[in-house]
């Protein structure tokens, strides 16, 4: 491998057989190119699906009360379950160690919202300060509700970016403007951005204000929590399931619901949902690998084929070399060395070209469920290594055949 | 230099066996220029292949420069070929993508001679066959006679004990043939041992000894008065 003479011999051969070398290299380079693009798009799909889940914090857990469907402890089915402040406070206290952020939520109903003379038809929700993190809402302007707003029943409102565009288009900034909610002026103090337009059509006000000002009493519509991040995905899923079960059990007991009546209290965990989709993307990834490996096999067969032709074409030359005193191993070494060199160079060429393409085009790809196709360099690198090794193995047969060339026959005049 | 005792060789053709060499006894001293003659099928090419270690004999002894040539591994045979023998072929057998100089340098590559020395040595032999100005030409840019002279230079470059020439003038017109024979004679004059296989009488008579082969046996072995090729050039 480090024989300088051999290298010179190989460079000579390559320089003088440019077309043949180019064609061999092209087949390898395109094999690697296809593989990397495929893997890139596999990763792109994974990114896209992950992105769909980024709307809400990935560790979020949501509680939605419903209607009981089973008779339990003398209570009839068909009862509507109403969550109250006490449920939230107690749950927060019980699972204090497990909860990162928590917020109850109330949907304010039977109200009218106006800005100046314009009637707005957006939903108003009372939430706590932590809700920003649970929804993963990004503040574009101003700030979210804070603790002070909650204790002081502040008449403040946070609006979605879409509302800003639709309603406050004429003013520089909606911050400082007042909107009327059932005749009570609320000052706009922040604008948030969400992944989806639908979620930007909301007006958030402090939950305490929502309950006290709009006759909410101590009723809540749903609860939401996020759990602290864990080191790996499996731990996070296990944590989410534990928390979910504990929370449901507590709520079922307080509200006297049969333990198997899942419809009455629905607890939804983003983590569990994510796990299903991760499973899906893993399958997709597996599929792409399968296709990729098939491509590599095709590439190897291609290399082997071309090497066979090369040996055939060079039979006479090999015969001459043997007559001049080339040892069998020097013939094998020459053919293999050249093949490995060509495969490696063109493999890296294909790799670099495809990675550059992914790098340039990738970030601009914005199709549903495909985002920023890219490839892990280590993966690509190891495929090149695999290709070279496989190419060597495939090349060995023709090389060995070359070494067995009969001098007399190869030099016989046609 | 070369000593052959009771050499037999047969080829299997399906179920039949073709007995090509039927007991050859033959001795070549150092500095001889021997023509091996015979019609096609007389076994002269087979004999040359065995002498060139490109093929093995079935039975008999073959000694080259005091070294018995028997049951050689391919590697060993390659080594001996490189060290002892230089080949000149009817169809030149130059490597077509290598220049004249590189072709001549090739046997030295297999002797592990460093590149620079290789080039110098190859140039020296090219000069000797009068082709120094064509050193950088590809075989396709050379005439038949020039190609054969490059091939002779290549055979000489490894400084072998024996030069084996298989119909060296077979593909050349008579003028060029005489030029090549002139070169071979001059190399022989320098003391090199040369075996020439040919079926042309005039070429054979330019050697110092003619061995006639017929149906696998030597029918005639005589010293002849050498005709110098120079006079025809």
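Numbering starts at 1 and runs along the chain as displayed.
From the backbone N, Cα and C atoms, a Cβ is placed for every residue, glycine too.
Per TrEMBL, the features are as follows:
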| type | residues | note |
| --- | --- | --- |
| DOMAIN | A:21-240 | domain 'MacB-like periplasmic core' |
| TRANSMEM | A:21-41 | transmembrane segment |
| TRANSMEM | A:286-311 | transmembrane segment |
| DOMAIN | A:290-405 | domain 'ABC3 transporter permease C-terminal' |
| TRANSMEM | A:331-357 | transmembrane segment |
| TRANSMEM | A:377-400 | transmembrane segment |
Same-chain residue ranges lying at least 6 outside the transmembrane segment (A:331-357) that approach it to Cβ under 8 Å: 1, 6, 9-10, 13-14, 21, 24-26, 28-33, 36-37, 40, 303, 307, 310-311, 318, 321-322, 375, 377, 380-381, 384, 387-388, 391-392, 395-396, 398-400, 402-403, 405
Helix, strand and coil residues within the domain 'ABC3 transporter permease C-terminal' (A:290-405) as assigned by DSSP: 97 helix, 4 strand, 15 coil
Average pLDDT across the domain 'ABC3 transporter permease C-terminal' (A:290-405), rounded to a whole number: 80
